[in-house]
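Listed in TrEMBL:
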type	residues	note
ACT_SITE	Glu52	active site
BINDING	His51, His55, His61	Zn(2+) binding site
DOMAIN	1-161	domain 'Peptidase M12A'
Amino acid sequence: MYSYYRFHKNGLEFIESKEHYYAESVGVSSENESFKIGIAKNPVRVRFAVHEILHALGLFHEHERKDREKYIEIKFDNIQEKYHGDFEMGNIFQQETYGVKYDFGSLLHYEREAGHKEDTGSNITITTKNKHYFLSIGQSTHPSFLDTKLFNNRYCYEKCKDKPKLNCSYGGYANPKKCDECKCPTFYEPPFCRFVKNSSPECGKKIRKATRNVKTIKMEGIHDCHYIIRAKENQTVEITIKKANSELTPICQPGSGLNIKFLKNKALSPVCFCGETTNYVLKSEGSEVVLRYIGKLANDSFELDYKSLKISE
């Protein structure tokens, strides 16, 4: 997590909890006392501990934001009453977003069945209004780019204010540890986030031109490949994932399988695909799609078709 935040006096104290993970509050409340985080003993899950550490650093749940109704729907009828408070919209302080957009890939976003009742016809407690992100909410590997940007906008904004202003592309921001370089969204590289990361020659051409004719990208095996698919400015891109295969996890994670950014705002987390995917169609919001294939096993693979569309199509 790229930030300049430090605990100058007392830090974090991890204590054993019989039932669940918890943070005693959001944000350190006293300079003279350590911040207590409860850790469930059986089993110890690092992802839950990191979630609570972010609360200790002052970050609130993503799904409690004031603008959440544009992005998700909370199914309170399916949620156990004791967990309702974890789904309520936050107070004025919690609602401060520091100019950072809602991110389905936030580490502080609950997953689709969080807190569900056992006796209802459905375990779903959160649905996404953008259907493509439904299987991606509830990330657990690391903070998203926008998690770190929110944190830095809140605590570290002044670190680089006296330095020459950087022109960071795609929502990047000045790295508080190195003010002459940008901290970039996933897929993009410093110093100024202008370019998508390069891949090994085995991945083939990085930049692909979308036309009315259907074209194909495919790859298999252990590789890490980035691709840009571009249509003309007045067009969009349609992608059909003909088939993709990678390790299936309950929540598809970034950094594994097929990750796709199809929205105009490339600072947002990608849609993640894992397990077996066939004939899945995505249409871009703008004229460009950026994707990453991360094959970790010899039998991982993907094949997708792409073409350009008129905006009206």
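Including glycine, each Cβ sits where the backbone N, Cα and C put it.
Annotated features, which come from TrEMBL, shown on the structure.
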| residue | record | Cβ neighbours (10 Å) |
| --- | --- | --- |
| His51 | Zn(2+) binding site | 22 |
| Glu52 | active site | 22 |
| His55 | Zn(2+) binding site | 20 |
| His61 | Zn(2+) binding site | 21 |
His51 (Zn(2+) binding site) in three-state DSSP notation: helix
Residue pair Glu52 (active site), His61 (Zn(2+) binding site) - Cα distance, angstrom, rounded: 10
Overall pLDDT for the domain 'Peptidase M12A' (1-161), taken as the rounded mean: 78
